[in-house]
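Student: Would you mind keeping the following structure in view while I ask a few things?
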Amino acid sequence: IIVSGESGAGKTVSAKYAMRYFASVGGSTDETQVEKKILASNPIMEAIGNAKTTRNDNSSRFGKYIELDFNSNFSIVGANMRTYLLEKSRVVFQASGERNYHIFYQMCSSADDPRLAGLKLDHQDNFSYLNKGDSATIAGVDDAADFQETCRALNVLGMKDTSLRSVFTVLAAILHLGNVKLDETSADSCQIPVDDPALPIACSLLKVSEEELRQWLCHRKIVSGGETFIKPLPVEQATFYRDALAKHTYAQVFNWIVKQINKCFTTTIKTFRFIGVLDIYGFETFESNSFEQFCINYANE
């Protein structure tokens with residue numbers, strides 16, 4: 001089943017209805033209740049892969065293909081999910097009227113939750129990676145309540161609180177990394193202020209050396225002819241590398257969660273037939289379109 005349409009047409013909702021239907025008519029008698037886990041994956045994937053855009057308050061910013069496996073009695077016995085083209089650029093930049101991924105706002109709205117203690121979370125407007133679109137809230141959406149729903153769904157899929165804590169720690173570190181200030185010292189070099197408040201928090205959460213991150217965000221190593229040179233970076237390039245680190249880290253967290261979800265879907269029971277549901281990006285065109293947008297639209301076509 002290929003769910004198609006332009007951005008905001010309702011593809012993700014239609015795909016969810018299809019999955020709910022199959023879960024209802026193909027309910028397993030197995031005590032693991034695979035269909036419940038399949039449905040629980042929806043709020044998780046929406047939290048980490050959906051965001052508000054100018055056309056849709058809950059826009060999927062990745063492609064998802066889920067294969068529902070049936071036995072000879074046509075009961076669901078397992079599933080497998082594959083994802084495509086996560087929009088990593090959204091982690092560090094949002095256009096006017098848009099938001100970053102829902103999970104960040106859910107966490108900021110639940111900063112006093114015990115599971116988020118010590119992560120130094122604050123109002124979303126105080127994080128550079130969350131305030132670029134100037135659209136912190138969505139009408140009719142309670143981010144704090146959605147955070148509880150996300151955690152419940154993760155628990156249904158067997159993720160322990162220790163695993164959740166690790167995920168939230170890395171996500172919080174990404175937000176603090178975005179607040180690390182890079183000051184220009186010359187046309188070809190920059191530095192992080194000695195008293196920068198965000199750097200030690202990000203390093204502590206990521207368990208990396210503050211001294212090393214300070215060094216390698218502002219410099220690069222060149223090996224040539226057996227010799228090693230340390231070259232300073234201009235502020236624009238250092239900012240690019242900082243943002244690249246944030247995007248890569250988020251993608252790794254996203255992929256890890258998908259991997260954990262698939263572990264819960266795995267079955268040793270022989271599969272008789274399967275039904276696949278594909279939910280991909282809608283076609284979008286803007287005044288200025290990146291290569292990433294080209295890939296999205298090409299995949300849609």
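Quick reminder: no glycine exception, Cβ is built from N, Cα and C everywhere.
For 1-301, the entry in TrEMBL reads domain 'Myosin motor'. Residues annotated as ATP binding site in TrEMBL: GLY5, GLU6, SER7, GLY8, ALA9, GLY10, LYS11, THR12.
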Student: Give me the non-local Cβ neighbours of ALA9 (ATP binding site): same chain, 6+ apart in sequence, Cβ-Cβ under 8 Å, ordered along the sequence.
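Tutor: Expected: GLY282.
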Student: Kindly state the mean pLDDT of the domain 'Myosin motor' (1-301) in the predicted structure.
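Tutor: Taking every residue of the domain 'Myosin motor' (1-301) together, the mean pLDDT is 92.
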Student: How many other Cβ atoms sit within 10 Å of the Cβ of GLU6 (ATP binding site)?
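Tutor: That number is 14.
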Student: Would you count the other C-beta atoms found within 10 angstroms of the C-beta of GLY8 (ATP binding site) for me?
Tutor: 15
Student: With an 8 Å cut-off on Cβ-Cβ distance and a minimum sequence separation of at least 6, pull the same-chain contacts of SER7 (ATP binding site), or say none.
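Tutor: Expected: THR53, ARG55, ASN56, SER59, TYR281, GLY282, PHE283, GLU284.
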Student: So if I measure Cβ to Cβ from THR12 (ATP binding site) and keep only same-chain residues at least 6 apart in sequence, which ones fall under 8 Å?
Tutor: VAL3, GLU46, ASN50, ASN58, SER60, ASP279
Student: What other residues of the same chain, not counting GLY5, GLU6, SER7, GLY8, ALA9, GLY10, LYS11, THR12, have a CB atom within 8 A of the CB centroid of the ATP site?
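Tutor: Other same-chain residues with Cβ inside the cutoff are ASN56, GLY282.
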Student: What is the total of other Cβ atoms whose distance to the Cβ of GLY5 (ATP binding site) is within 10 Å?
Tutor: 13
Student: Can you tell which of GLY10, LYS11 has the least company, meaning the fewest other C-beta atoms within 10 angstroms of its C-beta, among these binding-site residues?
Tutor: GLY10
